[in-house]
Amino acid sequence: MSLWGLVSKMPPEKVQRLYVDFPQHLRHLLGDWLESQPWEFLVGSDAFCCNLASALLSDTVQHLQASVGEQGEGSTILQHISTLESIYQRDPLKLVATFRQILQGEKKAVMEQFRHLPMPFHWKQEELKFKTGLRRLQHRVGEIHLLREALQKGAEAGQVSLHSLIETPANGTGPSEALAMLLQETTGELEAAKALVLKRIQIWKRQQQLAGNGAPFEESLAPLQERCESLVDIYSQLQQEVGAAGGELEPKTRASLTGRLDEVLRTLVTSCFLVEKQPPQVLKTQTKFQAGVRFLLGLRFLGAPAKPPLVRADMVTEKQARELSVPQGPGAGAESTGEIINNTVPLENSIPGNCCSALFKNLLLKKIKRCERKGTESVTEEKCAVLFSASFTLGPGKLPIQLQALSLPLVVIVHGNQDNNAKATILWDNAFSEMDRVPFVVAERVPWEKMCETLNLKFMAEVGTNRGLLPEHFLFLAQKIFNDNSLSMEAFQHRSVSWSQFNKEILLGRGFTFWQWFDGVLDLTKRCLRSYWSDRLIIGFISKQYVTSLLLNEPDGTFLLRFSDSEIGGITIAHVIRGQDGSPQIENIQPFSAKDLSIRSLGDRIRDLAQLKNLYPKKPKDEAFRSHYKPEQMGKDGRGYVPATIKMTVERDQPLPTPELQMPTMVPSYDLGMAPDSSMSMQLGPDMVPQVYPPHSHSIPPYQGLSPEESVNVLSAFQEPHLQMPPSLGQMSLPFDQPHPQGLLPCQPQEHAVSSPDPLLCSDVTMVEDSCLSQPVTAFPQGTWIGEDIFPPLLPPTEQDLTKLLLEGQGESGGGSLGAQPLLQPSHYGQSGISMSHMDLRANPSW
């Protein structure tokens, strides 16, 4: 937003006093255009300022007249414009001073109201300052040229005309001294313009580094290249004027000017060699990567040489990089830190692209030589860099030029499990390093507010969302990293966080650092939850204790989504339920990882759970998550198959009360389907009894009431609430030779019925509370189990229990054929008859 965009939003009474010397309605017509002109940089009264002020007055009148025509204003305003033109025509610098005063007042008012000026305004002012300085330099060079020609003519008439062409020095100064002084002043202005360019290059480098953390970055180097080339043109013109002045300058003055100009050129040339495409800042050995450099003055100096110079890429340590930064230092040294393959590329001009660059497409770090580390520093805290270097000769004198550019610091890893900690090192360095630092020095402690900005920037960039973190999120993060449960934002406002707290110290009661946990959240959200976060469906960064305070007074079924505090890369659902005593309770469902959500999405999981009703505070879940539900396929697919799906259920830690049920008068048999129209026979012979338990004090007499074709049916009396299946599942047979499910009596394989989400019940069997397994268990009787390779016994029934079951089976079978089976009595747990014969009952499914 522009400065005027903020001023126009302010109450009129706060800015009305600024428009005493200039009508306020005309200021409205000028709008943003006014702040796009160099009013603040015309502070002199020389010929350059006067000429530019006259041009600005004409532009102002034209802009006002055009604005009046567009808005259909009346002749009254046109009359004001005409009056304005006539007033300032005699002294255009007065108009410059008036507008400068208005803009300064507007900036002050905006600072008081909004505490900051808009960033586009800063960039616009910086651009205006450089362009105005460049125009002044061009004007100065023109004055120098006129003065030098006048001096060389050596006529009195020439000296008289000189006063009308240029600003003459103080009284008593001759033309030669005036030329020398003008050259020195212009060289000083060139040095100031060079400083602006170098500062702008440093800002570009810093922005490039911050872009590694996700900051926006205008990476085009074309504006910077244009600035550098324009300064080189000014340098060339000044150098020609110094050389052409000849005897008009003293040798000492000429040598001083030549040295200053050469230093300007040297600094520009060496500063214009930049790493345009940075190598990966977390670099794995034996992995190909790319990088690129650009020489902003290549089109000016390299031309079309027969053999373009080669750019070489080498790995350097932090110590070697520090030596490179020292003027006239020893350089990087001969010792190699790492071997890079395919590390030379020619530096070539591209006329269509208007640039001079070298792109390394197939770099590969073959190996790395670790240097000595400081104290407890790990290998993922060791920073290196890639040094790009090239050399060529400049000008007719074949002046040797050495170009060097250092990449951003990078961390070399040899295994993927080092990636997380390496990213922490790079994040910290990118965020908190200073411009023009000694490589690669960075603060050990930083203000928590800066850390919040960094985490927010990284989160938005990594996830790919425009929804950043909220103040409540930062409060939770502060509590986590400082191990402080303060509930006030002000408690953390002036605190600082250390590198150790960020990624060296293990969080209290956990097995990971703060960054490792936060990076897990980043990865999970990026891979599975971007749309949910962007739709503000996830609170995310909130403690379990705060969740309880939010949900405890909400209706049953109210839920919210939060990132797991105890696991890396997990999200959990917290919801309100009623306990057995009727009091509200908060349950947190086991966290879902990225792998879990790749199997079934978060939205579909929420749809599966009927107990979830409203997203906190009061938004119906179907309204909130409908766009995230996967459409259900109806009918058969293209191959003729009926679609199957996986659905999620949740185990209750305390099962609901079970109504008292009655044992049926008949126990049905379960046909395995191994042979048509037949059932598995089971003879209880002495030779089939497993010797697992010591012999009972008494034994069961052999039972001969069943023929080999008849079945003995044994009811499972154990309830397994974790075996919960949705009602849409099909059937499958359980092989007879599989081990018996844990917690069930050995019996013939049967088709079990499950009512989800509650304990397992057979579809056509009701249960009594006093089952055979609720009786005291004594020694295991002989002659009971049919074979130890079929279903190994868990809890041995008594002789009385077995006899009762066998007699019931005999009496109800009707001499070998089962009679009519009773209907299933109503169950508290939901629908009955959901067959799970196709499921492995030994498993503990989560769906």
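The backbone N, Cα and C atoms fix where each Cβ goes, glycine too.
Since this is a predicted model, take the numbers as computed values, not measurements.
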Among Y641, Y703, Y829, residue with annotation phosphotyrosine (source: Swiss-Prot): Y641
Segment assigned the feature motif 'LXXLL motif' in Swiss-Prot (from 412-416, 557-561, 802-806): 802-806
The domain 'SH2' (517-632): DSSP-derived helix, strand, coil residue counts: 47 helix, 25 strand, 44 coil
Pairwise CA distance, S2 (N-acetylserine) versus Y641 (phosphotyrosine), rounded so that it is a whole Å: 62
Neighbouring C-beta atoms (10 Å sphere around the C-beta of Y641 (phosphotyrosine)): 8
